[in-house]
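Here TrEMBL flags 43-62, 74-92, 98-117, 138-156, 162-180, 187-208, 258-280, 336-358, 364-384, 396-413, 433-453 as transmembrane segment.
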Amino acid sequence: MAGAAAPPKQDELVPHPVKDQLPNVSFCINSPPPWPEAILLGFQHYLVILGTTVIIPTALVPQMGGGNDEKARVIQTLLFVAGINTLLQTYFGTCLPAVMGGSYTFVAPTISIILAGRYSNIVDPHEKFLHIMRGTQGALIVASTLQIIVGFSGLWRNVTRFLSPLSAVPLVALAGFGLYELGFPGVAKCVEIGLPVIILLVIFSQYIPHAVHSERHSPQKTQLHCRTDRSGLVGGAPWIRVPYPFQWGAPTFDAGEAFAMMAASLVALVESTGTFIAVARYASATPVPPSVLSRGIGWQGIGILLDGLFGTANGSSVSVENAGLLALTRVGSRRVVQISAGFMIFFSILGKFGAVFASIPAPIFAALYCLFFAYVGAAGVSFLQFCNLNSFRTKFILGFSVFMGLSVPQYFNEYTSVAGYGPVHTGARWFNDIINVIFSSKPFVAGFVAFFLDNTLHRNDSAVRKDRGYHWWQKFRSFKGDSRSEEFYRLPLNLNKFFPSV
């Protein structure tokens, strides 16, 4: 028949091949770009981490009783400790190009400490700020022990050995997609800036190979969100200041507050595991061996300990937005992230200069998040290539875990916004905080449901083992199962001899 389309060739009908390393990455974990480009990319990572570094203290410090001076000092301290933690993680932890920074997971228990009755009688705002800060320091120091013990004891290694591509999908996907509240709602606070930035980012990163950005004017209501000169950071920041341990005074300890912070530490442990997996993907590394994940969690615990000692009013976890930047730039180099850690430390000490960059309007960060969080979520979805999507078991576990991961936290958050407290409201405030913190995390709920179902539902069936993609990751369950693990995850200075990965 004239004009009929030719039948497809046989090779066109073959599905896309499965890849345990992401192709088309410009610079992978061990292949740094030239120094000028590496420095520029490192500065980009520094700018991206500023979003969370500024947003969290800006929300918490005024509630603690602090003013612009205290806010600027907390931001400097958080940035300084983030730089140290990033260096520790890239050299001795997972050795992935993972930026460590502040975590929204620790905000809820910190607010619970702020509202604690033992601070309500303090009249002087500065004195109240210092007492609350010392309370958060004590809680963070205690909470850090959870990750240090679980990570360095190898306990988390034994748990993640049961993680399959199927159960990793909801965990990693919602580590990115679950942060949707920080995306377009933040853009809409100053749509005159935020929306053009999104459009420009899409054009320059997808349609034209490379990136740029924009700014200016609007009514009084949105000036706080749109203008850099309204944040109070430049005026409040000292010219030079080196943060140091116990700068706010000796930490104080309360058992209930420590338990609540430990719940946040548990949630951050799970969320960071998902983000580590995404970072490995975008760095074009092989799947992270369980022993390396466990080692990384142990060092993240050290990072939370440093948060408690220095007084950041927040705990540390892997930066999801910086994981997304790896994808946007297609540069997964460890050296680039280590350079960004240098920028963090440098600008945290030179307060005025750092405050200028930290005063970038929040809607610009929100516009960036729309792309970065989407990339991390997509990394999770990409692991479905290892699974059988024609299996009803796969469909149930995937659909149910993602749905519950969105629905359960939505209920907890809605209830809290209306009632002023979570659904669990007993006489024991510490117990309430533990339950409310755990079930308000989308990646935690989705990951837990998927992990439980995947490891209990017909797990020993040989066909099921293939459906869940477990066989694809089998060789990465042991550090020595694949020769590439040594290339990507070995410790520097021959430290593997003293700290062997198994």
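Just so you know, glycine gets a Cβ as well, placed from its N, Cα and C.
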Query - Proximity of the transmembrane segment (43-62) to the transmembrane segment (138-156), 3+ C-beta pairs under 8 angstroms - result: no
Report task. Give residue numbers and ranges for long-range contacts of the transmembrane segment (258-280): same chain, 6 or more residues beyond its ends, CB-CB under 8 A. Result -> 94, 96-98, 103, 105-106, 108-109, 112-113, 136, 138-140, 142-144, 146-147, 150-151, 156, 160, 168, 171-172, 174-176, 286-288, 293, 296-297, 300-301, 304, 315-320, 323, 326, 332, 376, 379-380, 429-431, 433-435, 437-438, 441, 443-444, 447-448, 488
Report task. Run the contact check on the transmembrane segment (162-180) against the transmembrane segment (433-453): 3 or more C-beta pairs under 8 Å, excluding pairs closer than 6 in sequence. Result -> yes
**Report entry** Positions whose Cβ lies under 8 angstroms from the transmembrane segment (138-156), at least six residues beyond its ends
**Finding:** 106, 109, 113, 251-254, 257-258, 260-262, 264-266, 268-269, 273, 290-291, 293-305, 307-309, 312, 315, 502
Requested in this report: Count, for each of 74-92, 98-117, 364-384, 396-413, 433-453, the Cβ pairs lying under 8 Å from the transmembrane segment (336-358), and report the range with the highest count.
Outcome: 74-92
**Report entry** Tertiary contacts of the transmembrane segment (98-117), as residues 6+ beyond its ends and Cβ separation under 8 Å
**Finding:** 45, 48-49, 52-53, 56, 59-60, 63-64, 78, 82, 85-86, 88-90, 132, 135-136, 139-140, 179, 182, 254, 257, 260-261, 263-264, 267-268, 271, 275-276, 279, 296, 300, 303, 312-319, 322-323, 337, 340-341, 429, 433, 436-437, 440-441
